[in-house]
């Protein structure tokens, strides 16, 4: 990661998400760079529907929404798990795969059931990050990351959130939920995207 002297406009940003797991992962990487990341709930920003079919469009929408209501630069993460045997599903619907209200347990149950008769268990996590300086920012900073693995039927591990207990990494012999937060951030789709974002921010300072 680049050594980054953060521009003053990015010293304090709002995260366009109510997901405490995402907030913790993002804070772990951005805090050492001098960036204070605050949950949108601190500004009474409600979650917004994610109507689009692409991660990027949804992330842009969320970032602009949070920035407009908080009057701060905003970072949005749109991410999900894409399973090859399911033609990329759950994809952008990952958080609500089992419907409302959102439930990690039910999402995982539905996913495991959908793969019960499938031999191809390959999948990948995808994350796109969008950072806007203000709600009408014409040049948002965008970074993404991809993490490959397999879906296993029985959950393993207690760390992380979402699909982590079922996302198996063959080269490590562990699920994402069996990794420490530090290990996960070094490897994960979100970690990759955050490191790219840090490099892009460094470029913007030059």
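Glycine is treated like the rest: Cβ placed from N, Cα and C.
Within 79, 103, the residue that TrEMBL lists together with 17, 18, 19, 20, 21, 22, 161, 162, 163, 164, 184, 189, 190 for binding substrate is 79. Here the binding-site residues are 21, 162, and the one ringed by the most other CB atoms within 10 angstroms is 162.
Largest Cα to Cα distance within the recorded substrate binders 17, 18, 19, 20, 21, 22, 79, 161, 162, 163, 164, 184, 189, 190: about 20 Å as a whole number. Reported as a whole number, the C-alpha separation between residue 78 (active site, proton acceptor) and residue 17 (substrate binding site) equals 9 Å. Neighbour counts were taken as the number of other C-beta atoms within 10 angstroms of each residue's C-beta; across the binding-site residues 17, 19, 79, the minimum falls on 19. In the structure shown, across all protein chains, 78 is the one of the recorded positions 49, 78, 164 with the greatest number of other Cβ atoms within 10 Å.
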